[in-house]
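Annotated features in TrEMBL:
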TRANSMEM  27-47  transmembrane segment
TRANSMEM  59-77  transmembrane segment
TRANSMEM  97-119  transmembrane segment
TRANSMEM  126-146  transmembrane segment
TRANSMEM  197-215  transmembrane segment
TRANSMEM  257-274  transmembrane segment
REGION    328-472  region 'Disordered'
COMPBIAS  343-362  compositional bias 'Low complexity'
COMPBIAS  371-449  compositional bias 'Basic and acidic residues'
């Protein structure tokens with residue numbers, strides 16, 4: 001006997017009981033760990049979804065689908081990869097449904113949960129990539145909590161070790177699930193100590209969650225890249241941890257099947273992470289009956305139904321619209337959704353010049369006013385009463401009902417109360433300059449008839465004995 005053999009070896013203890021009775025209801029530690037993990041994942045995911053613009057409580061709608069499908073997928077994967085336990089010689093097929101006894105495969109849980117989350121996301125109108133990225137740090141935390149269930153069940157441990165953190169493992173009683181075998185009233189331990197692979201994986205998963213949060217905060221990952229980062233981080237750890245485990249498993253080419261799965265999934269996630277690019281998606285609701293209500297701590301939720309003061313029963317958003325980060329921040333501050341993007345054929349250009357008349361345009365059809373070059377010359381314009389009649393008719397045509405007050409600036413003096421006498425001032429002036437020699441001196445009050453030439457005046461004087469030029 002040596003001194004070393006008399007010193008108790010440090011070790012991590014294991015529980016000898018994994019099931020407690022609450023009256024007729026069994027309370028299983030494994031199930032409690034799974035439920036607690038789901039709660040942790042929901043809390044983290046809710047927090048992240050709200051920061052992306054999703055309404056409060058949406059995570060519960062997602063969990064209603066994702067949790068059952070995830071558990072079913074996890075159990076299916078476990079049964080497929082360990083068929084001898086249920087369908088081999090001496091196997092019990094009905095035990096395949098005994099989920100409470102342990103045996104869930106993480107790969108099936110992720111695949112099944114993804115299907116359920118996809119269904120829920122489509123119902124809520126949320127892009128699936130937004131849901132996946134929100135789940136990214138919560139899932140490894142849930143897995144870390146769930147691994148404690150393996151500790152209670154005394155399962156999924158590694159090979160033997162002499163390390164100070166070696167794990168004591170109880171020999172579980174197959175006839176009394178959830179309890180260790182007893183000898184002389186004491187739980188029976190397996191000989192030696194074992195690697196606590198459940199603890200390794202739990203700590204690794206906590207590190208993966210921290211990595212996702214830090215990288216996502218630094219680079220603002222979007223379009224499912226945060227979820228791909230989680231998958232890469234988890235599979236990298238699962239690869240080496242799986243190689244340490246000593247529990248029975250299906251092998252391919254001498255390697256545990258979960259090692260192959262971890263390697264293949266890692267490569268797929270890496271390719272996705274490197275190939276997919278694009279900004280992070282932010283969401284604003286569609287069909288919300290009330291404006292946004294600020295949430296505490298600077299987090300503004302556009303559909304915080306719990307803080308509605310009064311009014312009719314609230315309705316969940318019909319869906320969500322993806323917007324840029326700048327638009328989302330503006331929406332958080334104002335509560336006003338950004339405008340819908342304009343259609344491709346809607347340019348928003350103003351009408352082309354000439355399409356609509358300006359405020360100072362002349363009335364249509366007023367050729368004389370529109371083009372001063374076409375005005376009559378003094379020689380062409382008649383004088384006297386004929387000219388007054390022509391001016392009256394011309395002015396009457398121009399001052400139509402639909403033209404109202406729109407009379408050009410050069411027509412200002414012509415728009416008088418009595419249109420019959422509306423002869424423009426500039427016409428009156430023009431009627432003197434060129435016609436001075438043609439109008440007799442005695443016509444001061446008005447111009448008579450047609451203009452009389454000098455020859456006409458002489459003939460008129462000779463016939464009537466009157467002088468050619470009369471003074472009034």
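Count begins at 1; order follows the chain as displayed.
Yeah, the Cβs are placed from backbone N, Cα and C, and that goes for glycine too.
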Mind checking which residues of the chain, 6+ beyond the ends of the transmembrane segment (59-77), have their Cβ under 8 Å from one of its Cβ atoms?
34, 38, 42, 45-46, 49, 96-97, 99, 103-117, 119-121, 123-124, 131
Counting only residues at least 6 beyond its ends, the same-chain positions whose CB falls under 8 A of a CB in the transmembrane segment (126-146) are 33-34, 36-38, 40-45, 48-49, 52, 54, 58, 62, 106, 110, 114, 117-118, 120, 201-203, 205-206, 208-210, 212-213, 216, 221-227, 229-230, 233-234, 280-281, 283, 319-320, 322
Can you work out which residues elsewhere in the same chain, 6+ from the ends of the transmembrane segment (97-119), have a Cβ less than 8 Å from its Cβ atoms?
26, 28, 30-31, 34, 62, 65-79, 81-82, 128, 131-132, 135, 139, 143, 149-150, 153, 155, 177, 231, 238, 258, 261, 265
